């Protein structure tokens, strides 16, 4: 046995024998490889596990700051507008130009622009007598709240004003188009109610009443505008795509239009002489972005106060219409439509299969004809080879052939 395997491993504790030296070299190499992996050293550097798991990915994102909210341009504009309002308010009581006063343009035979300005400016009421003579001691209207509200006759007719705690963007310009003469005239009530406007410096300015103006009953907005601005940091009602406010305690656009219409109608009916309408300062009917700063008020042919029309610019979204339609359908009708669709699909599939089969048949015919042509060529070539062989055998003993063989033999040598 030892003669068959003369090569012994010299490693301690290993007495294996091998037939040749190559096997022994491979075995020793295995010993060297195992000896290199000794016990783990305690002073070696511990490598941290950096496997990219989802938890570590989210942690890295939080450390870098990817989950932080980006600074919005609207918030920057809001802060800038609030700083400007604070600077203007701290400048002095006399340096007040009502930064967000809207202009009302009443279109009649000739367009007239009425710009409401502070009481100390001479252009505030160009056609009004002194304010103290026209002031009536009936129920005054204090313009303080930032949004319009509906009031009944005999109560406060209009609430519009400026609130320094809720600064707004540059106010929209309202364009009021006078209604055609075929519409009804709004009469004034028995008792005229004066309007008092609170300015930003704390002064109260009584506004004179004006002649009755025909007001429209439908307000068509050129663009969807939310009644309450959604400012970051200030809670507000969520607004969906069509511009309507969520029904959690907030009015829908139709209710807001009815409110605004009723307020304007009551205000105009309470005005019976003077320079026209009274406009609040910053928070007017609708607070909008600068690019949404025009509200066009038009009168339809036959308006209905209880059912305000919706302009084409505000399409009502039909959510879930397809689902409701499928629910309302009869099951037999649904099954019939399903079978019709199946029949149409089956006919299309049969047509495709027929075209495929016809193309395969054409290809098979072409290949068959080509095969027949090739077989004919092979037969002709075989016949020609046979004829040539016969000629060669016939001229086997010819002197010319013998001479050729001799010359070929000499050339071969």
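Just so it is clear, glycine is given a Cβ too, placed from its N, Cα and C backbone atoms.
Features reported for this protein in Swiss-Prot:
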- 1-285: region 'Transactivation domain' (REGION)
- 7-31: zinc finger (ZN_FING)
- 51: phosphothreonine (MOD_RES)
- 53: phosphothreonine (MOD_RES)
- 101: phosphothreonine (MOD_RES)
- 107: SUMO1 cross-link (CROSSLNK)
- 114-126: compositional bias 'Low complexity' (COMPBIAS)
- 307-320: compositional bias 'Low complexity' (COMPBIAS)
- 326-337: compositional bias 'Basic and acidic residues' (COMPBIAS)
- 332-395: domain 'bZIP' (DOMAIN)
- 334-354: region 'Basic motif' (REGION)
- 360-388: region 'Leucine-zipper' (REGION)
For the zinc finger (7-31), the number of residues DSSP places in helix, strand and coil: 11 helix, 4 strand, 10 coil
Confidence summary for the region 'Basic motif' (334-354), mean pLDDT rounded: 96
Secondary structure content of the region 'Leucine-zipper' (360-388), with strand meaning DSSP E or B: 29 helix, 0 strand, 0 coil
Secondary structure content, the region 'Basic motif' (334-354) (per DSSP, counts of residues): 21 helix, 0 strand, 0 coil
DSSP three-state assignment (helix, strand or coil) for residue 51 (phosphothreonine): coil
